[in-house]
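Below is one structure; the comments refer to it alone.
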Amino acid sequence: MDSGEKRLNELGYKQELRREMTLFKTLAISFSTMTLFTGITPLYGPSLLYAGPASLVWGWVVVSFFTWFVGIAMAEICSSFPTTGSLYFWAAHLAGPKWGPVASWCCAWLEAIGLIAGIGTQAYAGSQALQSIILLSTGTNKDGGYFAPKWLFLCMYMGLTVIWAVLNTFALEVIAFLDIISIWWQVIGGTVLIIMLPLVALTTQSASYVFTHFETAPDSTGISSNVYAAILSVLVSQYSLYGYDAAAHLTEETKGADKNGPIAILSSIGIISVFGWAYILALTFSIQDPSYLYDPTNETKGAFVPAQILYDAFHGRYHNSAGAIIFLFVIWGSYFFGGLSITTSAARVVYALSRDKGIPFSFIWRKIHPKHKVPSNAVWLCAAICILLGLPILKVNVVFTAITSVCTIGWVGGYAVPIFARMVMKEKNFKPGPFYLGRLRRPVCLVAFLWICYTCSVFLLPTYYPISWDTFNYAPVALGVVLGIVMLWWVLDARKWFKGPVRNIDIQNGKV
């Protein structure tokens, strides 16, 4: 019997999903969920505007450092609890019988909210990249190019969401195959872009500009405080460096999950940390005119700073935008693969929570497709909610800011619950897996927990001043309403019957 399946049985669950994922396939999905381009590209422009290049460049290094603490803490827990429910299951068992139900309830809903919003971030950013591709392909903003209006933008957003749901309805082999394409797409495409962009650019910025220049833009952002501006400029790194828990969501489908799950988590962090920093450096060194990037009359209508950087470099060298369009397509492909992987993870979390009767109409969402052996109903529930999240695109200008904040707080906030429980629990109650921290677990978990709390806090901050309907970060309101309803449901009803993960096999005398 596979070591992961054996541990799953010990935890009280029978093997229902196909266990055929190798370490490489699991790493591919985890890497695709984090993605090289999708976190950095949409927030690069605002982050550069807040405080200039130095804060953006060194902020990535700082965030990468603290992300390792979170990843290491999660890898240890994953090694001990290789289940599809991952964070939610971990929280229940680590918090103990008294606090386990409420811990798993909070964790499951935070994670579900974060992942479903995560699908929305990929769909929005993918539509934004497609918008720029169409604009440059039809003549640029200065030459009568077509800039997709809001209704078409929403159609692209919905179209991507539906495509991801359709693909996730097929057998897991299809998703695994596409995610293998994804890792090579991003590694090869990212490497070529990182090397080629500074070489193509007619001029490059000096090292002193990239690594030491700090400049706020109070006229554009309304933020004059250097500290506040620096904090906001680091949001791009905090948004980009998570998602490595995707490997944990697939542990019931991974061979040797108690070993390969932690390896996939830590490998994903390592790869993204290096490639992400290189990508930020390539973009920043290749800037031709910093002040022109945000000009609404420029070739990309000031809407997408990385697209303008690419255009300036390739048009300046070759007098056409073909190279910029090709690399924008590479970036768009990264969004496509990232959204596909996040849809996979979100469906697994909804399925696991439904299996334990933690969602209304659980009997519908926990059904497994009889032929493909995937939670297809859960997939389509996630897609439907994601589409609803995107409807304000027609009227509101800060949709991406809000969805990004909800995604980050929900997703990363879900990490905090099991990590805190692991930190305070008695060591005798923990059955370690092959990856074990020993005495280091408390300091590692403490740093990880405090970093998560800080990350969630800064994503609640206003990002522009003065605050108005167009600039208001409504993530605190959205999260407050949803989490308020969830906790009210817990107090009034769910606490009476929700006990956390429900075993679906009986274990007696050590035998299944």
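The first residue you see is number 1, and the count goes up from there.
Each residue, glycine too, has its Cβ placed from N, Cα and C.
Since we're looking at a predicted model, the values are computed, not measured.
Features of the protein shown, as given by TrEMBL:
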type     : residues : note
TRANSMEM : 21-45    : transmembrane segment
TRANSMEM : 57-90    : transmembrane segment
TRANSMEM : 102-125  : transmembrane segment
TRANSMEM : 151-171  : transmembrane segment
TRANSMEM : 183-203  : transmembrane segment
TRANSMEM : 223-242  : transmembrane segment
TRANSMEM : 263-287  : transmembrane segment
TRANSMEM : 324-353  : transmembrane segment
TRANSMEM : 374-394  : transmembrane segment
TRANSMEM : 400-424  : transmembrane segment
TRANSMEM : 444-465  : transmembrane segment
TRANSMEM : 471-492  : transmembrane segment
Cβ contacts the transmembrane segment (324-353)/the transmembrane segment (263-287), at least three under 8 Å, sequence gap 6 or more: no
Recorded stretch that, among 57-90, 102-125, 444-465, 471-492, has the most CB pairs under 8 Å to the transmembrane segment (263-287): 57-90
Contact call for the transmembrane segment (374-394) against the transmembrane segment (151-171), three or more Cβ pairs under 8 Å: yes
Positions whose Cβ lies under 8 angstroms from the transmembrane segment (471-492), at least six residues beyond its ends: 102, 105-106, 109-110, 113, 222, 398, 401-402, 405-406, 409-410, 459-465, 498
Listed stretch, out of 57-90, 102-125, 444-465, that has the most CB pairs under 8 angstroms to the transmembrane segment (223-242): 57-90
Stretch among 57-90, 102-125, 183-203, 400-424 sharing the most Cβ pairs under 8 Å with the transmembrane segment (151-171): 102-125
Tertiary contacts of the transmembrane segment (183-203) (same chain, 6+ residues out, Cβ under 8 Å): 27-28, 31-32, 35-37, 275, 278-279, 281-283, 285-286, 288, 309-310, 312-314, 316-318, 323, 327, 330, 333-334, 337
Recorded stretch that, among 57-90, 102-125, 444-465, has the most CB pairs under 8 Å to the transmembrane segment (400-424): 102-125
